[in-house]
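Everything on this sheet refers to the single structure shown next.
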């Protein structure tokens with residue numbers, strides 16, 4: 001019976017420190033932006049009540065929604081870095097969840113603006129006190145431009161769901177640095193008692209998930225900046241341009257509808273990407289069937305089943321698979337080729353359950369549910385031999401390959 005031994009944990013690379021520094025920098029930016037937005041909310045609310053401007057009061061509550069969005073982003077970022085014994089993958093998906101919440105929140109806000117704009121078109125109203133509206137609009141634009149400068153790098157550094165991480169410089173460097181320190185040791189062995197598998201690192205890094213989170217924040221700030229430009233434009237026209245009453249009545253709701261279309265176009269991909277990650281879908285660029293066929297062409301491999309591929313966060317791909325070999329020696333000889341194949345297909349963490357023909361696994365799966373005691377065999381267990389009991393425990397071995 002082969003013995004699986006955990007190797008000592010290798011020292012963490014400097015990449016982890018750099019990523020921690022990036023989180024700290026993002027946190028400071030969020031706090032600064034949250035503080036400025038909250039203070040501007042107070043100013044806008046007070047100024048709106050004193051000047052009897054419903055436009056300013058309505059926009060102040062829009063700013064309050066941004067305060068909530070920034071708070072959600074910051075809270076999720078802090079949670080993602082916590083160590084936990086309960087969750088084996090840590091809280092790395094907290095930032096993905098935060099990005100999804102912010103994206104849905106922004107779409108809901110777009111729907112609200114759409115309804116208000118349509119109402120204003122049906123029942124148009126002239127802007128009152130355009131000078132005050134202009135002043136507040138300029139202040140809001142300045143704050144939002146500062147926010148866009150702070151979050152611009154995070155928003156455009158993200159990887160798209162249809163691109164392999166090898167084409168994204170930041171994600172690729174993170175993966176290379178991470179896995180160089182966790183390279184698996186598979187040397188020539190005189191006996192099967194020397195299989196060495198490294199333990200997984202205790203602390204998961206959240207690279208791409210953090211970029212999704214900050215991308216959601218950037219979209220909120222961008223929507224505010226566009227809104228401020230619209231406020232400034234309509235206020236200037238109402239204040240300085242005589243006549244053109246029809247234009248003044250419909251300019252504000254018309255530009256607001258344009259902003260809604262633009263924000264839905266930019267926000268929906270974020271919502272879709274984060275939702276697909278949480279649903280554990282397979283990335284488009286990972287061709288599961290093609291990988292399976294390449295595995296079957298390798299010497300010593302008889303069958304491949306229960307092959308599952310999903311994303312933990314962003315482009316960090318995880319796979320599990322049952323592979324039947326003719327013998328234990330075939331497994332040892334094929335391990336490095338399997339690892340290379342997964343690595344070439346952007347799968348950097350794969351758990352393989354080897355099964356051996358010479359030990360009684362003539363067909364199907366050696367690790368099946370007990371037919372009398374399991375009520376979930378159709379859901380959780382290997383289905384190919386669901387009615388066959390395993391002969392001995394020595395037939396089944398699990399190991400983890402981390403390219």
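Backbone N, Cα and C atoms are what each Cβ position is placed from, and that goes for glycine too.
Residues annotated as transmembrane segment in TrEMBL: 30-50 (among others). Below 8 angstroms of C-beta separation, residues 56-57, 59-61, 63-64, 66-67, 70-71, 73-74, 77, 132, 136, 139-140, 143, 146-147, 150-151, 217, 221 of the same chain, each at least six residues beyond the ends of the transmembrane segment (30-50), sit close to that stretch.
Marked as domain 'Cation efflux protein transmembrane' by TrEMBL: 30-279.
Taking Cβ pairs closer than 8 Å, the transmembrane segment (56-76) reaches residues 27, 30-31, 33-34, 37-38, 40-41, 44-45, 47-49, 94-95, 97-99, 101-102, 105-106, 109, 116, 132-133, 136, 140, 213-214, 216-217, 220-221, 224, 227, 231 in its own chain, all 6 or more past its ends. Summarising the annotation, TrEMBL assigns transmembrane segment to 56-76 (among others).
Per TrEMBL, the feature transmembrane segment maps to 96-114 (among others).
Annotated transmembrane segment per TrEMBL: 134-151 (among others), in sequence order. When Cβ-Cβ distances below 8 Å are used as the criterion, the transmembrane segment (134-151) is approached by residues 29, 32-33, 36-37, 40, 43-44, 47, 56, 59, 63, 214, 217-218, 221-222, 224-225, 227-229, 231-232, 235-236, 239 of the same chain, each at least six residues removed from its ends.
Counting same-chain residues at least six beyond the ends of the transmembrane segment (217-241), those with a Cβ under 8 angstroms from any Cβ of the stretch are 30, 33, 55, 59, 62-63, 66, 69-70, 73, 102-103, 106, 109-110, 126-127, 130-131, 133-134, 136-138, 140-141, 144-145, 147-148, 151-152, 154-155, 247-248, 251-252, 255-256, 259, 262-263, 266-267, 270. Residues or ranges marked as transmembrane segment by TrEMBL: 217-241 (among others).
Sequence-distant contacts of the transmembrane segment (253-271), counting only residues of its own chain at least 6 positions beyond either end whose CB sits under 8 Å from a CB of the stretch, comprise 99-100, 103-104, 106-107, 110, 113-114, 116-118, 120-121, 124, 212, 215-216, 219, 222-223, 226-227, 230, 233-234. TrEMBL lists 253-271 (among others) with the feature transmembrane segment.
Broken down by DSSP into helix, strand and coil, the domain 'Cation efflux protein cytoplasmic' (284-355) contains 26 helix, 32 strand, 14 coil. Taken from TrEMBL, the feature domain 'Cation efflux protein cytoplasmic' applies to 284-355.
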Given a Cβ distance threshold of under 8 angstroms, which distant residues of the chain, six or more beyond its ends, lie next to the transmembrane segment (96-114)?
62, 65, 68-69, 72-73, 75-77, 209, 212-213, 215-217, 219-220, 223, 256-257, 259-260, 263-264, 267-268, 270-271, 274-275, 277-278, 313-314
